[in-house]
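Below: the structure, in structure tokens.
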Amino acid sequence: WDYRREPPRPATGLFCFFPGRKRDFSPVPWSQYFESMEDVEVENETGKDISFSGSEGPVLLLLHGGGHSALSWAVFTAAIISRVQCRIVALDLRSHGETKVKNPEDLSAETMAKDVGNVVEAMYGDLPPPIMLIGHSMGGAIAVHTASSNLVPSLLGLCMIDVVEGTAMDALNSMQNFLRGRPKTFKSLENAIEWSVKSGQIRNLESARVSMVGQVKQCEGITSPEGSKSIVEGIIEEEEEDEEGSESISKRKKEDDMETKKDHPYTWRIELAKTEKYWDGWFRGLSNLFLSCPIPKLLLLAGVDRLDKDLTIGQMQGKFQMQVLPQCGHAVHEDAPDKVAEAVATFLIRHRFAEPIGGFQCVFPGC
């Protein structure tokens, strides 16, 4: 979910090409980065898919951006647990990844924040361990809503990654055009991974190979296509409702749909375009909510130009720590997982929330 106005730029200059050497776009299993993956049942819901790593220290509760999944934190997880003692809990938010809920259409900030609180309660009961919320883009907004509503009683810190109210609100008008510009189907997982890297959505091939598995799924209904939409070479077409010939048109489109799904069997797990009515609620008032949270706060950005007025004033007043990580796309934690891990580890050690591992030294003394 890239809330910026401009589409992701191709990752030119970031990869070296050698004659006869071909990059490997094959998917990588989550088990290379997480110790376990479990379903946690919450308030009679079907279940929320959660990935775990680590056994000691504070819990880092990771919330992904729109359209992504817990797998977007895979490479970051390996990087952070090698630097500080901590436990990782990466959650698939509702309608994302493998999580199933009774009302998947409700993606309001209030509902998703309650989901986070409910997951913490289901996992830890009345005595949760110290928890730091870390969220990227939409997940960063949900982390702030969760914190400001006091839904995690043991919350010790808050981190937003590349989400700023002013920039996000300005970008909402162009988001539908951005989403329409993405391919709607892929021939294979390898094809989806290759697209994510070459389009610049994820600039780190290692992360893309594990992360994209959580963003796409096999097309449903290949054997018995149903529904009112057909996927045709990147364009979702509404079935026509003409009174005359509507049945033949519908039949023909379903046949086209079936053929397209055979040739392009993967599509996005969530249709982000349908979530538009919730976008404003995710981001409006976010800066003041963030500043009002009475806990240590960290803001990681891909560029200083993203700061809005409220955050600029708050940063000058020392209300939060900020780190700018240049040469990254919007998916900062995927593009530069080691740098994000160093920034988070430094934050944790500085506030004495966690102990360093292997002689890790704080590398951002100015943040």
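The backbone N, Cα and C atoms fix where each Cβ goes, glycine too.
The active site annotation in TrEMBL covers Ser137, Asp162, His330. Here TrEMBL flags 235-246 as compositional bias 'Acidic residues'. Look at TrEMBL and you will find 249-261 tagged as compositional bias 'Basic and acidic residues'. TrEMBL lists 60-343 with the feature domain 'AB hydrolase-1'. Residues or ranges marked as region 'Disordered' by TrEMBL: 235-261.
Feature annotations (TrEMBL) mapped to structure.
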residue	record	Cβ neighbours (10 Å)
Ser137	active site	29
Asp162	active site	27
His330	active site	24
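The separation of Ser137 (active site) from His330 (active site), Cα to Cα, is 8 Å. In the predicted model, residues of the domain 'AB hydrolase-1' (60-343) average a pLDDT of 86.
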